Each structure stands twice: as structure tokens, then as C-alpha cells.
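S.K.: Below is the structure I would like to discuss, written out as C-alpha cells.
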């Protein structure tokens with residue numbers, strides 16, 4: 001805290017007015033001290049509110065993050081959480097997905113909070129995903145115009161998500177205020193709703209610092225914010241099954257199931273001089289899955305129906321989706337997995353598909 005400003009020399013007051021002069025000077029000094037201290041205290045409160053014993057100081061805090069109006073609140077992600085590998089992976093996966101969707105628009109997003117806050121990119125993203133056209137101005141520079149565009153875009157998002165029970169954990173002010181947590185909640189919900197061909201890391205949780213200004217002072221608190229749970233829960237499509245239990249509570253039994261499935265698939269793929277040692281990776285492109293179904297049902301799959309040597313994500317998804325169609329044709333139920341999950345090396349999804357085949361064809365020679 002800075003000291004009080006030096007006082008200029010003043011003539012000695014007559015003795016009879018000593019008390020009055022002393023109190024007057026003291027009052028002036030205290031007033032100057034108070035004013036200086038208020039400025040310094042506000043800066044120090046901002047620093048101490050953001051820093052906490054459980055986390056290092058935020059070195060990239062913007063000045064505006066500690067300049068709040070009375071009763072105003074601002075949130076920011078704890079720096080430790082920003083460095084968490086799963087958080088970084090979530091941000092990267094979402095960035096890559098957005099850029100892939102908007103590739104034809106020649107839009108490249110480099111930083112979520114800086115590139116999405118004004119509604120321009122969100123508008124284009126929603127129009128692409130929902131195959132619609134929003135009635136908004138193409139370019140808006142003013143804050144009012146940006147918020148009006150955001151309002152229109154978020155209302156369209158709400159119309160899509162709310163009927164399906166998605167919690168809306170964002171609003172115009174949080175998105176326009178570059179609140180990364182709110183932006184991530186929005187993007188995760190969109191990715192799940194539109195079944196994006198991506199694999200979001202599960203159980204991503206961040207610590208959020210909430211700073212509020214009350215009676216001229218800044219107060220902070222930490223809250224835990226869950227950004228993702230599991231794919232099944234976020235999709236809201238599947239009930240827990242035996243594989244959830246195996247993965248969560250019985251890894252030893254899970255290994256036995258994997259060995260049994262490897263034995264089962266090799267029993268048939270060996271007829272084509274093919275052998276599987278890793279279920280997670282060797283079924284990811286869909287080729288072995290298609291060939292296995294042909295062997296199990298004793299038919300030849302025309303090569304023009306699938307990609308024998310797929311070299312892109314879309315071709316692999318096509319192969320797995322085609323295999324799912326063959327399963328339906330064979331009288332099996334639709335697998336409790338998405339083709340994208342199998343392609344993205346989600347072991348649980350791959351095991352579910354193979355176990356479905358095992359239960360029907362385990363006695364086939």
C-alpha cells in the first residue's frame with residue numbers, strides 16, 4: 001500500500017488555535033490518505049481476489065477484470081484448470097470441429113472467446129449445422145448490434161435445444177463478455193445435439209474464480225464447473241449397461257471379455273488371413289467390421305459398397321455406418337454406439353458392437 005503524499009511546510013499556527021489547526025490538518029491528511037488508499041486497495045483487492053492459496057497468480061488478467069461496477073460480477077477460469085490436459089483437449093477438439101464445419105466459408109477460428117463473442121461465427125456455425133438462414137445483419141461493429149445478433153442466434157439455439165431438455169447455461173451477456181465457460185457449454189451442447197463426428201473428452205471439470213464487487217471491495221469465490229460428463233449422459237440416449245459396469249468397477253473382467261471377443265473375431269477373420277490383436281484400433285476404419293459381417297452371414301460384400309483402404313475420417317465413418325446397416329439387415333438391433341465413436345477409438349463403443357455380434361454368432365463355425 002502506498003504512503004500518504006508528503007505535506008508542504010506550513011506556517012506554525014498560533015498556540016491558541018493549536019487544537020483546531022491540528023484537527024483540520026489531520027482531517028485533510030486523512031481525506032487524502034483515504035482517497036489514495038481507496039485506489040490502491042481496489043487494485044490490491046483485485047489481485048488478492050483473483051489469486052488464491054490453491055492457485056498461482058493469473059499472469060494474463062486483463063485490467064478490466066478487476067475494474068467492476070458496484071455489485072458487478074465477473075468469472076474467469078483458474079489458471080491451473082486452463083493447463084489441464086483434458087481441458088486443452090476439449091478446446092482443441094471444439095476448435096477443429098468449428099473450423100471443419102466452416103471450411104467452405106473460409107472462416108478460421110483461432111481463439112474461442114475472441115472469435116465467437118460477437119455472434120458472427122456462431123451465426124455461420126448454426127446456419128451450417130441446422131441448414132437454415134438467420135435474419136440478421138451480416139456485419140455489426142457496434143456493441144448494440146452485436147448483442148442484437150447474438151440474441152437472435154441464441155434464440156434459434158434455444159428453439160433447437162430446449163425441447164430436448166438441454167440446460168441453457170449461457171446468455172447474451174456471458175457470450176458477449178467472452179466468458180469461456182459459457183461459450184464451451186454452448187459449443188458442447190451444439191456438438192452433442194447435432195451429433196458432431198468428434199469425440200469429446202469425458203469428465204472435464206474446471207475451477208472457476210468468481211469476482212464480485214460489494215461496497216467498493218472485490219470478493220472472490222471458487223466454484224467447480226462441469227463441462228462434460230460421459231458421451232452417453234450428454235447424448236441422453238442410452239441407459240447404463242454391462243459395459244459401463246465393467247469399465248467402472250471390473251477392469252479384470254473387462255480384460256477377459258476383450259480376450260473372448262478377440263478369439264471370436266479371429267476365428268472368422270483368419271479365413272481371410274487376417275488377424276486382430278487390438279480391438280480398439282483395428283476396427284476403427286470399419287473394414288474388418290464389414291468383412292466380419294460378410295463372413296458371419298456367409299455372403300460377399302461388393303467392394304464398391306465400402307472403402308477397402310479408407311484414408312479420411314468421413315470414409316471410415318461411412319464404413320462403420322454401412323456395417324451397422326448390415327447388422328440391421330441381419331436382424332440385429334441398432335448398436336448402442338455411433339459410427340463416429342468407433343472411428344474415434346472409443347473402446348467401449350467398439351466392444352458394444354462386437355459383443356452384439358458375439359451374442360448372435362458365437363456358435364457359427
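Heads up, the Cβ atoms here are built off N, Cα and C, so glycines get one too.
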S.K.: Among 1-52, 53-104, where does Swiss-Prot put the label region 'Disordered'?
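M.R.: Per Swiss-Prot, the stretch marked region 'Disordered' is 1-52.
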S.K.: Do you know the mean pLDDT across the domain 'Calponin-homology (CH) 2' (255-362)?
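M.R.: That region's mean pLDDT is 88.
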